[in-house]
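TrEMBL annotations:
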- D131, L132, T133, R158, Q174, D178, R294, Y298, Y299: L-histidine binding site (BINDING)
- 62-384: domain 'Aminoacyl-transfer RNA synthetases class-II family profile' (DOMAIN)
Amino acid sequence: MPQLGLLHGRAWAVLFGQLRRPPGAVCIRAVHSHSQVAEAALATQMKPRQEKSNFIIKTPKGTRDLSPQQMVVREKILDMVVSCFKRHGAKGLDTPAFELKEMLTEKYGEDSGLIYDLKDQGGELLSLRYDLTVPFARYLAMNKVKKMKRYHVGKVWRRESPTIVQGRYREFCQCDFDIAGQFDPMIPDAECLKIMCEILSGLQLGDFLIKMSWKDVRHEMVAKKGLAAEVADRIGDYVQCHGGVSLVKQMFQDPRLSQNKQALEGLGDLKLLFEYLTLFGIAEKISFDLSLARGLDYYTGVIYEAVLLQTPAHAEEEPLNVGSVAAGGRYDGLVGMFDPKGHKVPCVGLSIGVERIFSIVEQRMKTFGEKIRTTETQVFVATPQNNFLQERLKLIAELWDAGIKAELMYKNNPKLLTQLHYCENMGIPLVVIIGEQELKEGVIKLRSVASREEVAITRENLVAEIQKRLSES
């Protein structure tokens, strides 16, 4: 068993080789550095007194702190998302928060202006990552990886006008799942849509739909891209259509499309995709909508976007318009942009909009007044008597060593009522109580906080009894 030493006085000899340290021993330094304290105090006295500056204590625009209650909700959402990614065989990956600026530019089209550039700190021009997709493509090209199924959870930064009410921030978390590699058509695409449906259904956010207004698309084509209005209207005949397998069949019969080789290939892929979606049991949840358009330049094939319907999941809730809560698509050319020889690695992926989902869940919890436990403590170690700190410390160490989540009050002589009130307020289910009588009889009292029932358990059976109760709850 590793030995832990607190370096103070005699333990200094171990450092200087005057005493032999047992093989494999671990030494933790816990030294009061009186000289450092004195030096710091002297330096403080010598510094000229500065006037307190006038400033507002706040988080930067478009960012926020997350309270312990919010972190509980956030972690539950992330756990559900990541567990789904793992269920589908994804490996975890992480990349730096910033990349070389040249790695990010020209990958996002018009959105490139939203990238945060960093000040030159050592000969490299850097930028904070805008999403997790481009860093993934850079990783694949740099490491010459041809096949990979990965998930990545991390923060990204966008220099845009934040809309806090809709869950839009300048710093936010993304949860990405991507499949890289050369595979038979539409199988990975169908799995990405299946994952999106699993996550949104599992979070019970209400109904979701893929849609985008043709009016906005037409305006961009005519006003910004210079397309003739009559050509845009001809395109609109198709674009305003949306549906499922029946729409794809209908388009196959259109002579203007059936005579175009590229259109036929695209329709063939869509027909195949809907066949797989039917086998996955989610075809009715997917709407084929030609009006959908994404702003990023790297998409090359099918793209998708999940938007929550205005109707809330529960009648008591107010509608919350948060826009897209998940999106993704195929980007077969992005890896080739980084590869010196232009070698392509086909990719398809999705991103879950955690911040927007978080906004919905937060509003729902406020509506229903749900109380959130901020800790996972299972057992509280209490005493009704004074001078029992040593016994409490020995007992809680036994629980910790057995893997039980336990707490005690950091006081020598706490009042029992105060300890029990703490358990009720924090939602801790069990209390173990040790006092003079229990010590004499070799037992520990185990109390249920909810029912207030107490039973005496022998010390050697305590851990087993606690574990049994926790497994039943």
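Even glycines carry a Cβ here, placed using N, Cα and C.
Note that the structure is predicted; figures quoted are calculated from it, not measured.
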Near the Cβ of T133 (L-histidine binding site), how many other Cβ atoms are there if near means within 10 Å? 26
Report the mean pLDDT of the predicted model across the domain 'Aminoacyl-transfer RNA synthetases class-II family profile' (62-384), rounded to a whole number. 82
Quick note, Y299 (L-histidine binding site): same-chain residues at least 6 apart with CB under 8 Å of its CB -> G329, R330, Y331
Cβ atoms near D131 (L-histidine binding site) (within 10 Å, other residues, all chains): 20
Any same-chain residues 6+ apart from Q174 (L-histidine binding site) with CB under 8 Å of its CB? Would you list them in sequence order, or say none? D131, L132, H152, V153, G154, K155, V156, S351, I352, V354
